[in-house]
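J.: Below is a structure I'd like to ask you about.
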């Protein structure tokens with residue numbers, strides 16, 4: 001495997017007789033390339049070669065284990081083509097590092113897994129729910145986008161779909177955003193499927209444990225693989241179902257080249273394997289809805305009466321019944337009276353209250369108190385934050401430097417104000433507002449998975465909300481402007497997903513559950529939350545993006561790097577070329593906020609972003625042109641001068 005793009009192709013080698021039996025397709029080998037030994041995989045064995053020069057000899061077979069199966073090789077090729085990457089980069093994600101001792105362990109022959117009977121009543125609440133389970137039992141390639149009801153035990157539904165597929169003799173792959181979701185799904189899955197037939201793959205595993213579980217999938221002893229984003233490449237044969245939960249979560253986007261999204265890889269794999277697919281969530285992304293609109297997948301959505309019965313009552317500022325004369329601070333206060341009243345009512349009934357804040361920490365962002373300029377680090381221009389009430393100074397969130405004497409670089413003032421209030425500061429404020437009430441914080445490294453019964457105030461960041469026995473009595477969604485006000489393509493979609501994930505933990509309206517969102521009720525995203533209509537929101541979002549030419553209605557390639565290198569790549573790729581590829585060239589623009597600079601570029605070198613936009617039908621052609629251009633640049637540059645452009649196809653954050 002060669003890391004330079006212009007050498008991303010197959011090479012022919014002669015196989016010595018002593019290695020002939022072991023050198024089978026898919027095994028790891030060592031070969032000599034330009035005088036040095038490099039790792040590689042055997043792709044196929046042939047009796048002839050198209051190479052007209054002298055062939056070298058294979059040096060040795062590292063292991064006779066065929067780790068690169070035909071199915072995974074096809075997937076690797078397709079992902080590299082889709083995301084304008086190299087196969088070496090994709091293989092790094094797909095095949096873990098070898099652990100020799102684990103390979104030598106004897107694996108018992110896989111038997112028929114024990115699967116408990118599946119109760120279809122959970123899926124019966126949804127239109128086409130029973131039909132989807134029946135299709136899995138018949139090993140049909142049913143594809144669905146499932147809208148989970150509020151309060152739904154999503155892991156139980158996923159486990160039922162997996163068990164139905166395993167019972168039919170097929171394997172299942174389930175992808176979740178993080179370890180917390182993985183643990184939840186593991187408990188639900190092992191309640192229905194024999195634990196010895198289920199493996200979990202995640203980044204937190206050590207190399208030995210990860211390779212052992214990966215081999216269990218390769219050798220056929222694992223029939224159900226659940227894992228985080230990289231598990232989407234798990235080497236399962238006879239694949240019958242691919243599932244993805246909460247595809248709106250940024251954790252499913254791979255931060256390493258070629259930056260594939262687990263949802264896209266999973267759907268690509270389902271297409272190649274001609275198997276069933278399921279995307280589930282409390283909210284819905286425009287990408288998932290596009291699959292429904294195209295006819296590739298079916299809607300699995302509960303009828304409106306069922307949604308109203310299961311959802312909490314959602315109120316916004318204009319729904320409080322207070323006019324501006326009675327509550328002048330309702331539109332400006334961080335905790336208006338409507339939110340405080342909902343919290344007090346729930347606490348008095350003995351129920352816990354969930355308070356969702358967008359950011360962890362104490363005060364994660366500061367600004368000048370006079371001119372409102374954002375306070376930034378003098379060393380790296382990163383955002384400054386306060387770590388606590390007694391903090392000796394502001395700390396940079398990027399480089400960690402401490403600035404003990406804050407002074408605005410624009411107006412010279414030494415007065416600062418909080419731009420965003422974090423979870424710990426919010427917990428302090430609530431402790432003063434509700435004396436004698438337990439305040440629990442779940443954010444960052446301090447995660448609380450489950451609450452005990454009884455009243456409590458729980459301050460949590462999105463994704464860190466603990467489950468409460470019987471559900472929360474109320475939820476307060478604070479600082480809505482921090483989510484909705486972002487200059488980002490997915491700001492509204494992301495806000496609704498975070499809100500619905502929290503609101504789904506609240507009791508139904510019939511049991512007194514109420515959700516208070518501190519935002520104007522006239523905002524379309526807030527209206528979607530009030531009506532609990534994620535499908536309608538996704539429909540509107542998709543229509544709006546289609547109208548202005550944004551993903552998923554089109555494909556966009558983001559090229560990040562120094563201006564000269566970006567221009568050189570465009571010239572090498574011959575883009576744009578009206579005669580060959582109808583591509584719109586947009587930019588240059590600055591990198592979006594929060595997007596890190598490409599690796600290897602000096603800190604003082606300016607970085608730009610150029611965007612290339614094509615219709616969906618020309619996405620593969622755009623990626624192929626960029627791959628050719630990257631290869632040309634790679635061949636021209638030396639190791640000392642190499643500064644390739646970072647290329648991302650359909651990045652989450654466009655700018």
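Including glycine, each Cβ sits where the backbone N, Cα and C put it.
Annotations for this protein, taken from Swiss-Prot, read as follows:
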BINDING   368, 371, 408, 411  Zn(2+) 1 binding site
BINDING   377, 380, 396, 399  Zn(2+) 2 binding site
J.: Can you tell which of the binding-site residues 368, 371, 408, 411 lies nearest to residue 377 (Zn(2+) 2 binding site) in space, using Cα positions?
T.: 408
J.: Any idea what DSSP makes of residue 368 (Zn(2+) 1 binding site), helix, strand or coil?
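T.: Looking at the DSSP assignment, residue 368 (Zn(2+) 1 binding site) belongs to a strand.
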J.: Can you list the residues of the same chain, besides 377, 380, 396, 399, whose Cβ falls within 8 Å of the Zn(2+) 2 site's Cβ centroid?
T.: 376, 378, 379, 381, 382, 397, 398, 400, 401
J.: Let me know the DSSP-derived helix, strand or coil state of residue 396 (Zn(2+) 2 binding site), please.
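T.: The three-state answer is strand.
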J.: Rounded to an integer, what is the Cα-Cα distance in Å between residue 368 (Zn(2+) 1 binding site) and residue 396 (Zn(2+) 2 binding site)?
T.: 15
J.: Work out how many Å separate residue 396 (Zn(2+) 2 binding site) and residue 408 (Zn(2+) 1 binding site) at their Cα atoms, rounded off.
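T.: On Cα coordinates alone, these residues lie 15 Å apart.
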J.: Output, ordered by sequence, the same-chain residues six or more apart from residue 399 (Zn(2+) 2 binding site) with a CB under 8 Å from its CB, or 'none'.
T.: 377, 379, 380, 382
J.: Taking the Cβ of residue 408 (Zn(2+) 1 binding site) as the centre, how many other Cβ atoms fall within a 10 Å radius?
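T.: Around residue 408 (Zn(2+) 1 binding site), other Cβ atoms within 10 Å: 19.
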J.: Check each residue in the chain of residue 371 (Zn(2+) 1 binding site) that is at least six apart in sequence and keep those whose C-beta is under 8 Å from its C-beta; list them in sequence order.
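T.: In sequence order, the residues whose Cβ lies under 8 Å from that of residue 371 (Zn(2+) 1 binding site) (at least 6 apart) are 408, 410, 411, 413.
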J.: Give the sequence-ordered set of same-chain residues, not counting 368, 371, 408, 411, with Cβ within 8 Å of the centre of the Cβ atoms defining the Zn(2+) 1 site.
T.: 369, 370, 372, 373, 409, 410, 412, 413
J.: 377, 380: which of these binding-site residues has the sparsest Cβ neighbourhood within 10 Å?
T.: 380
J.: Counting across all protein chains shown, how many other Cβ atoms sit within 10 Å of the Cβ of residue 396 (Zn(2+) 2 binding site)?
T.: 20
J.: Select one residue from 368, 411: among these binding-site residues, choose the one with the most other Cβ atoms within 10 Å of its Cβ.
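T.: In terms of Cβ crowding, the pick is 368.
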